[in-house]
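Trainee: Here's the feature list from TrEMBL:
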type     : residues : note
REPEAT   : 4-87     : repeat 'Solcar'
REPEAT   : 95-205   : repeat 'Solcar'
REPEAT   : 214-303  : repeat 'Solcar'
TRANSMEM : 283-306  : transmembrane segment
Amino acid sequence: SLPAKLINGGIAGLIGVTCVFPIDLAKTRLQNQQNGQRMYTSLSDCLIKTIRSEGYFGMYRGAAVNLTLVTPEKAIKLAANDFFRHHLSKDGKKLTLLREMLAGCGAGTCQVIVTTPMEMLKIQLQDAGRIAAQKKLMAAQAQLSSPAAAAEPAVESRTTATQITRELLRSKGIAGLYKGLGATLLRDVPFSIVYFPLFANLNKLGQKDPNVKAPFYVSFLSGCVAGSTAAVAVNPCDVIKTRLQSLQRGVNEDTYSGILDCTKKIWQREGPTAFFKGAYCRALVIAPLFGIAQVVYFVGIAEFLLDMLPKRRA
């Protein structure tokens, strides 16, 4: 049933995000740093420096936004894919690869309603620590070169998602929360086109009987493989989206007017390899996230909980 699908999708998202959020934070910071003042050299370097400067919970900056909105996002994504697959297979025939890709396209298009504002707010909170650390480093360097002229570094004030939302709504209206919508579509639609057909076919290999669900470990591994493959494939679009949605820039970092301008500047100033910044982080985030999501979704925790309710009343 649709309520069960939405509950399953929401639970899947909550569990997955909690497990992999620190890696996602590292991915955002690695993607945003440009050739000017580079703060981090790798995933492990980013996480170690984050813990040292911001504490353990610094790795979870922006997690509240993600945990709040990931439930409707994952629910929409998984339920929409099922909806489109159902309606595209009404003739009773097996879904062709093209129809599976169309279902994934529909799911990716639907999810951006929630994904765009969620990613917009999350990125500001995740990247705030990098920008603050960069400013402190620049202030320390200025202090060493000219002790008399250097000013005291400003104390970082922690901005919340609510403050960012209010400011964006006040200055730009609802469109402010949907900055980077085109880039989000450019990432999420191809991701879903690759992910859902690949997962369905991998999961099918583990089914002994077409009418019986595959074992949970098959769904988990299928979700991991399909998720990491799709994540790396669309990573250039994710880098562009992250850059466009960042409202604050570090020292000597570029600003962008749109997708084409961002693509051109990254290519010219940082080289083609810059489009794969954070690709392994993204694969590490997406693989367990979608592996867990598919296990929860296919095992059907919601059906179990909903079935228990009448028994408890009885």
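Quick reminder: no glycine exception, Cβ is built from N, Cα and C everywhere.
Note: TrEMBL annotation is automatic and uncurated.
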Trainee: If you average the pLDDT over the repeat 'Solcar' (4-87), what number do you get?
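Mentor: Residues in the repeat 'Solcar' (4-87) carry a mean pLDDT of 83 in this prediction.
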Trainee: Tally of helix, strand and coil residues over the repeat 'Solcar' (214-303) according to DSSP?
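Mentor: Residue counts for the repeat 'Solcar' (214-303) by secondary structure: 70 helix, 0 strand, 20 coil.
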Trainee: Write out how many residues of the repeat 'Solcar' (4-87) are helix, how many strand and how many coil, based on DSSP.
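Mentor: Going through the repeat 'Solcar' (4-87) residue by residue, I get 71 helix, 0 strand, 13 coil.
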